[in-house]
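Asker: My structure is below; once you've seen it, I'll send some questions.
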């Protein structure tokens, strides 16, 4: 009989060995039970409710209620655990049943043998298995050159798909290039197709024991046991307590006579009476001595059962009874009280190894039961003796990261790679050390002819000979002495470009270029054909354990087992004392080979191997694009003089050099013989005058000569006296505009303005040279965790978990009877691995297995041969503009522009949004070119661009090289089915079943031993750089797989550390000469060569520049006065002279205008009495001004002297002043309240509306720039709103066909004023206005307005203006061009879009229609509109016209 622990171990072993295989439904055996959608196997026990327990018996369900009355609970706080029926005491306080002792009842029959108990706790971890065989080949590697695949179909103008030509023969291998810096990380590639499954590896040896697990929760009750055999009779019990009084016994024997009584009085003798009644019993006498034992009486009838006596001491074990027949399974009994633990039995002998059973069919999936509450931990027991190694436990959580291991040894040198792509042109290297002097250069061309020597001193005058005849040309004279070198002439014009010189020697390798930006991800290529399996690689390190798989469905019920062992286990007893260690068992047979381990992760990169042998010569690469001009090198040493060169072609004549120094006086030549007379030469220039000859005799008087030519102009005569002033001339015509004045001096430097808004993105500059790599930045802060990755593939089924810790030792049980010999025991734990046995014979090949699941991807294959250069791919999408780089050095200051009108100084506002482009100023004169600025520091890297669109699907790649065939596996023939033996050792894990439903989350287990490495999951988003981990063990290289498609480019990786330099390889074959390098910097002048021989006479030089001015000649004699010149222009006004002395009084002027009537004067003196007459007027002052004045007697010539009492004159003066004041007052009033007339224009219509709110809308004159009113313009004022509306110069454009396209199907926007013949840009200002004046006034209007609007009406015939009714979109809508040259569209950014109030140009009807376009904006610089560009024009039947509305500012 097994103990309960053994029983649990058996169940645990069976659970670990179970292979989950998917079988068809028809394989499921009958005998199952179904209840509420759940299927139970035969003999399954379950509790549908806590107080109901059911059992499945060959398809029948039998249920019974659980009663709790037999075990009353005696504690104050009893509780019913979750899922249980009966109350229990929480921590053992109180008693769970009363301790009244009853009479011992009769012994019950032995119960039936119980079913197998629940699985026990998992054993400890086993030792780590041996490494598995190498995995199958990895996934295909990255693709090669995708350019040919991506180029098809992109060029819209190509005549068809360009088909690549046949591949040329592979050129000889070039020498290895320098290692480039690591390229950017590629984007994650799509998952490869699953590979074929790898061969199963050998089973590893048993692992080391894991640490003891936590005590498991109590298992559910086991199935009810079958009735046991009848036990032997128990020993006699102890004496019971006295029984209750029995019933009265039967009548006893007659007693002895009593003693005589005292003598009574003598009575009279009576007659003999009847016998009297018996007397009462006398008092009992004293007990007599004990008599002899009597004979044994007959057994009486059994009395009623007495109360239960105390338990007797155990008797000796009786002999075993015969085995009873197996009874039917009883209902589960109530849980019995826990018995004491019996002593450990001796170890049974080792049973034979059973044959491996066939895997059972999987049973239907059971419903997941509710998760029980975790029990409280028990008290820790005493330390037990070391147990035998348990079954390998489940992998624990990964341990803490170990310290980094030591650097692994350098790997063997890898095979030589193909030539790398040529790197980008490196930066110019540092100037080399001074070279050895080069060989002598070729002889230079002959120098310019020397200057003539000094003129010799004058010879003695010879006698004058008679003129001879002209002589023949003399032979060449003997060579003269060379003249001294003249100064070099000015530099000649540059010659034509010489032919390309021979290629220079190959330069040293430049530094690696910066890695390019990540390319667009290539399309997924077709899957290559799988390579044949490679040889087994070395075992990789164990991967991390995968997560526990979901529980598989229960298997089908097995064949009916033998009778079960003990019945239900009782509740958990208190922990017993630790038992003694058992003897060491016999070593078991070696276990079967374990499944292969998972491939390890790739090891850390080894150091670079030694340099490979030199490759063959590579084909000449295409010429690289010329690099940027390098900085000038340091000057080299002077070369040696060159060898004399061949005679060069005569150069262009140089300009005459400056005069050389005067030569030394030459030796006088020998006198030559007289030559024959030459032909008459041209008249020589007059010789210098000879010395005076002897005075001749006086000749005869000559005839008078003719009139000589006028002499040279004489010196100016002395200044004449001022003439009389001339009459006043007519007003001259307006002069032409003077030339621009010289630029004024630079003004004082202004205050630094606020930082302007960022300008618009410039056009992309040429790619700058790669800067040097910056120093590695500090490790960044840990990034936030990445997004949750895709769930990983289900891990392999975990191995069984470790067994729980030993429970407390139970109380000692009663000794049982010695049982019969038990069945063969479960196989013992595996002993230590034995020495390997001799190799068995190769078995016959087994039947072909089913196709395995796809294996993990193979390793990257060898790179294929480099393909031919494909046609260029299409341009990628433009990246987002980078941030503006820092400004260059300040250029030289331009010339000063024209002075603008002074603005009012405002408070400095905050920096506004970027202003509109200003009107194009007249260009300033070009300033001198500034020195090139030093390059600015590299700008901050822009944000990462969005991931590009995937490229086109690439062509199918070439198949990878087939790997060498693997060795055939050894597989024996399948043996005959043996009888069902005891469970064998743990088999290899089966194929993964389908994932079950996820279970409820369990309580966390204790920390396990570090698990094996898991297979790598799919790549997550790039995290921040973590701390560097320890290097993994290097994996064996896998067989090369086919080349896979290129992954997406990942984020650019950080620059890796430089590997150790390998030893230098042998020199490669000399390459073909490369393309000519960029022209080098000009070398320094060489040392002066030796003086060359005199060259041939050069050609006549070109006319030299005028020489420097000679020294002033002597003052000539004054010439005669010339005729008077024409009258000069009037001179500028002189400065004001000093005040002159007061002049004489002028003549009396003419009389002034008549004064106004004076006020009434004071009363005159009384007149003399008049003659009597009619009554006169009332007395009062008369105005004598109307009376004729007698002539004054004091007239004095023309002058007239006023007297203070001459009232008329005073009045005239007052009237004049008054008129002037009134005029000034009116002018001031006009300034304050302008009238909008041409003479008195307002500034804007808004001003007019504010001053004259009752005026009506109409045309008025305005002068926004104020100042002189000659440039005022006529506008329309809307007096309701205050808008100022400026009319166009030409308000309508005639309706006709304005444009016919050469290619009508190619629709594009065509600007009316810029492209169409006879078109023009729109101007504004109404009739008679100067467009230049209007533009200035519009500039001021825009400054004073906050809003502008304008309408344009587009008349159409068969031309779409806005909405295209056929397509329902705005693709054919017209474009408008604003004053600041910005384009205003129908759709897009709402700030640059116009609307329409009427749209009658939506389709081609052959009739005229119109669309009214309206644009309103707060960016006043965009209006007025100056051009329009329709798209739907170009055919002869498409016509349009335009009405241009006024532009209105508010």
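Each residue, glycine too, has its Cβ placed from N, Cα and C.
Per Swiss-Prot, the feature signal peptide maps to 1-22. Per Swiss-Prot, domain 'VWFC' is recorded for 31-90. As annotated by Swiss-Prot, 4-hydroxyproline applies to 248, 284, 374, 521, 530, 569, 656, 1010, 1151, 1175 (among others). Annotated 5-hydroxylysine per Swiss-Prot: 737, 1094 (among others), in sequence order. Residues annotated as disulfide bond in Swiss-Prot, with sequence analysis given as evidence: 1245-1277, 1285-1448, 1356-1401. According to Swiss-Prot, the feature N-linked glycosylation site maps to 1351, an assignment based on sequence analysis.
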Asker: Neighbour count first, Cβ atoms within 10 Å, every protein chain included; then name which of 1277, 1401 tops the list of disulfide-bonded residues.
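Answerer: Most Cβ neighbours within 10 Å: 1401.
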Asker: Radius 10 Å, atoms counted are CB only; among the recorded positions 1285, 1351, 1356, 1448, which position scores highest?
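Answerer: Max Cβ neighbours within 10 Å, all protein chains included: 1356.
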Asker: Using C-alpha positions only, work out which of the recorded positions 1245, 1277, 1285, 1351, 1448 is nearest to residue 1401 (disulfide bond).
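Answerer: Of the recorded positions 1245, 1277, 1285, 1351, 1448, 1351 has its Cα closest to that of residue 1401 (disulfide bond).
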Asker: Sort residue 1245 (disulfide bond) into helix, strand or coil using the DSSP assignment.
Answerer: helix
Asker: Using DSSP, what is the helix/strand/coil residue split across the domain 'VWFC' (31-90)?
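Answerer: Output for the domain 'VWFC' (31-90) reads 0 helix, 26 strand, 34 coil.
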Asker: Per DSSP, residue 1401 (disulfide bond) is which: helix, strand or coil?
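Answerer: SS state of residue 1401 (disulfide bond) = coil.
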Asker: What mean pLDDT does the predicted model reach across the domain 'VWFC' (31-90)?
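Answerer: Its mean pLDDT is 84.
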Asker: Relative to the Cα of residue 1245 (disulfide bond), which of the recorded positions 1285, 1351, 1356 have a Cα no more than 10 Å away?
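Answerer: Those close enough are 1285.
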Asker: Quick one: Cα separation, residue 1285 (disulfide bond) versus residue 1277 (disulfide bond), in Å?
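Answerer: Here the two Cα atoms lie 6 Å apart.
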Asker: Let me know how many other Cβ atoms fall within 10 Å of the Cβ of residue 1245 (disulfide bond).
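Answerer: A count of 26.
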Asker: When you put residue 1277 (disulfide bond) at the centre and draw a 10 Å sphere around its Cα, which of the recorded positions 1351, 1356, 1448 have their Cα inside it?
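Answerer: Qualifying among 1351, 1356, 1448: 1448.
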Asker: In angstrom units, rounded to an integer, how far apart are the Cα atoms of residue 1448 (disulfide bond) and residue 1351 (N-linked glycosylation site)?
Answerer: 10
